[in-house]
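As recorded in TrEMBL:
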DOMAIN    48-187  domain 'Lactate/malate dehydrogenase N-terminal'
BINDING   G54, A55, G56, N57, V58, G59, D79, N140, V163, S164, N165  NAD(+) binding site
DOMAIN    190-355  domain 'Lactate/malate dehydrogenase C-terminal'
ACT_SITE  H220  active site, proton acceptor
Amino acid sequence: MKKTSSLSELGFSDAATTAFFRQIKDVAASSSAAAGDADAPSQPNHRIKISIVGAGNVGMAIAQTILTQDLADEIALVDAKPEKLRGEMLDLQHAAAFLPRVRIVSGTYYAVTAGSDLAIVTAGARQLPGETRLDLLHRNVALFRTVVPPLAQHSPDALLLVVSNPVDVLTYVAWKLSGFPPNRVLGSGTNLDSSRFRSLLADHLEVNAQDVQAYMVGEHGDSSVALWSSISIGGVPMLSSLRESDVEFEQAVLERIRKAVVGSAYEVIRLKGYTSWAIGYSVASLARSLLRNQHRIHPISLLASGFHGIPDDREVFLSLPAVLGRSGVIRIPSVQLTEEEGKRLRKSAQTLWEIQQQLGLAN
């Protein structure tokens, strides 16, 4: 008896896949132009190189996590402070006997990043006393003008992952400055927010967080949107299951839970002064999905024009669930939003678009 090897042989047409997913803008053309069949696995002898710009708490947590998870053959660190940079590099090198064999290099110049498969940007200016968020953003845009173009020049085929905050606007800035196609520029977005969301639900329901499907989308930060309508626990839709069981819940309760997820980052900052380890693991998970071509779905900041009622001419980056692989953002699931969820998402997009108009990067 012949063994069936695919769903297509059983009559599950390609149109079904199209119904589940949508392509990101220009992804097909840009992917083929940039690297041929970019979704194909890397050559067997290809050495994976990851560059990290910014050797602060976040950058080094990312480097340490990537190193211990054996995700790269070479890690390049870049920072403007040469002594601290060299100290961080040496500290990692001294652990060589306990870790997979990885070459670690560093420099204040971007030539050290040449040939990167993935470039991660964590560098960013800190807000000064009395400084407005817009002033801070302008300083970070000026910083990105010195960071992104040389990264793109030395690694023209790289994936560019922005972690610096405000991540959505700065991912847009990185896209404009790099000249890369939109599928190869993404931000860490709400990947960590969604992990916090899943963890909170899992703790309450006493299940493993990996069995909870729950996403935060939209703008990373206080206005992020919790997709209550799409939450499932072990494949069981949560809200519909509660309704069928006559369990009462109010919208105000759901909003308090969303705010608790957002506030958890502030609690960490209040207690230790900064966040680092969780974002390190979050970014490492993105690096694994991208570089190992895993086609996993993550909520990350991407070019969202044309999705969920966001106008096609509004070039804004915000978080939506996306399939990630070797060419970056491959497809975007057609997530069904409630009227309220869609309204909040479009409000975030409008706010981000208005901010971007003040940056002088539209063309």
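Cβ atoms here come from the backbone N, Cα and C positions, even for glycine.
Automatic prediction, not curation, is the source of TrEMBL annotations.
Counted with DSSP, the domain 'Lactate/malate dehydrogenase N-terminal' (48-187) comes out as 68 helix, 26 strand, 46 coil. Farthest C-alpha pair in the NAD(+)-binding residues G54, A55, G56, N57, V58, G59, D79, N140, V163, S164, N165: 18 Å apart. Within 10 Å of the Cβ of G56 (NAD(+) binding site) there are 17 other Cβ atoms, across all protein chains. D79 (NAD(+) binding site) is surrounded by 23 other CB atoms, counting those within 10 A of its CB over all protein chains shown. Highest local Cβ density among the recorded positions V58, H220 belongs to H220, counted as other Cβ atoms within 10 Å over all protein chains shown. In the predicted model, the domain 'Lactate/malate dehydrogenase N-terminal' (48-187) has a mean pLDDT of 93. A straight line from the CA of V163 (NAD(+) binding site) to the CA of the residue listed as 'active site, proton acceptor' spans 11 Å. Comparing G54 (NAD(+) binding site) with the residue listed as 'active site, proton acceptor', their Cα atoms are 20 Å apart once rounded.
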